[in-house]
Structure formats: structure tokens, C-alpha cells
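Pulled from TrEMBL:
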type	residues	note
REGION	1-24	region 'Disordered'
COMPBIAS	8-20	compositional bias 'Basic and acidic residues'
DOMAIN	39-162	domain 'Calponin-homology (CH)'
DOMAIN	193-264	domain 'GAR'
Amino acid sequence: MSSGMKSDGGKQVREEKENLEPNDVDEDMRIERFGEDLNPLKEDLAEWLSRVLEVEVQADNFMDYLDNGVLLCKLAQLIQKAATEWIKIDKAMSVTLPSLGSRFHQNAKSGTFFARDNAAYFLKWCKGVGIQDSVMFESDGLVLQKQPREVLLCLLDVARFAANFGIDPPNLVKLEKEIDEEIEQEVKPPKKEKKPAKPLAVDDEVFRLAKKYSVKIERIKEGRYIVENKINIFVRIVRNHVMVRVGGGWDTLEHFISRHDPKKLGKILTSTPAPCPNHHHGDIQCKGHCVAST
């Protein structure tokens, strides 16, 4: 293509953008921002899947690696095998695993019936091991890439389940366990107060965003804050993203603050089910399928 044609194309794009209605522009920005807010989850889960399945999965086109269902079926089989072997060793562990057929469509192409069949295979296994309905996706949500957020949240819960059987979890799940242990320590007698440590980078980022969006945030300690005098939040930095633990799992702090006015923040964080003490997710209520930690 000649440089002149590129110039004409660029002019056409600019003219189209100028002719967009304000609502259309807002919607485009919302969709673009929504994709950006999923990037921390994609990066963490891409690294985890690459490590666990010994394949290359990149965050940039994360759903392209998964939409034929092949890697998800392999993941289910790997966790099923690890769980079966773990239960044989640890007789005290009480968990019932679903029957899992060994056959799925390993050569399925994206967008085909076979890809949908693979998605159904994985979802049936998820339901059998107790993955919550609130984070499940539809087969077409995977195959047609309509539900990227649900796919990510489902994989996070699968990773939490897998961690019970010696499979090293993603960083976000490790941070959840760290937060749960921090909360558990608070019920024990307090130790002698130490001299306050110098604020770390996470503090700088939290207060920068608080100022940007005019939200009152007070520091309890590094990584833990109180918003608008109402609710405690736990904040961590993962791969240069400032993440806050919320009802759906994790969100970027900036996205969380920017889409809610201060009066609604407390309601959003307190309207979620009570945390499960064993599953180490603290945001999704278990229904008896969770495995107690040992």
C-alpha cells in the first residue's frame, strides 16, 4: 500500500471519529478501558497456564489460545490426576472428584462444534469439582470470546481448587492467601508496636489515585486502607498493576475507584458473601465442595 493511500485512510478514520456521537465515543472508551482492566488477570493467568501446562500462552491474545477449548481440557485432566494422587496419600482429605473421560477433541479448530464440545467438557468438570456458578461462562462465551472476564474469573477459581493438590497457583491467588493469613493473625494478641516503616511504592500509588479521583483513603498499614471511613480494602501491586481485592476477585484500583462514586464504594465491598475459610479466595461463597487446608 502506498504512503498516499495510508494518508487517505488515516484522514477517513479521523473524519469518522469526528462524526461519532458523544455516546458512541463514550461506549468505545468504555470497551477499550474494560479490556485494559482485564490485562492484570490475563498476564497472571497466562504465566500460570504456561508454567502448569508447559506451553506458551501470552496475555496479548489470551483468548485466542483458549477458544478451541483444548488447553482447558488438558488443564482439567492435569488437575484431576494431581487430585487423585494427592487423595491417595492424604487419606484425611475429604473430596469427591467427578468422573472425567479421557477423550476430547485435541485438534479442534476455533469456532467449530468440536470447540464447543471441548468447552462443555471443561465446564462439566468445573461444576463437578465445585466451581461456583457465579464465575462460570457459557460455551459460546469461550468459543466466540464473548465472556473474557468470566473465563478469567473461572480460571482463578480453578487455580484455587488446584492449589489444594500441590499445584502452584497464580500470584493473585497467593496474595489472597497472604491476605487471609493477615486477617487471621489479627485475632491473636497484638505484638509490641514497632516504629512505622517508611511507606512503600503501593502507598504512593494508592494516594495518587485517591487524589486523582477525590476519594478519601486512609492508611491502616502498608497494603491495607480504609475508604471514605467505611470499609477496609486490601491492595497489592502485581506486575506493575495496582490491584484491589473486591467481590468478584480482583480489580485494578483505578478502575474500581473511577467507576463508583465514594458513597457506593462501601456497599459494593460489603454486599458480597461471607469468605470461605478453606478455599482461600475470600470472595465467593462455597457450597460444600471446598477442600479444607492441611
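Cβ atoms here come from the backbone N, Cα and C positions, even for glycine.
When pLDDT is averaged over the domain 'Calponin-homology (CH)' (39-162), the result is 94.
For the domain 'Calponin-homology (CH)' (39-162), the DSSP-based tally of helix, strand and coil residues reads 80 helix, 0 strand, 44 coil.
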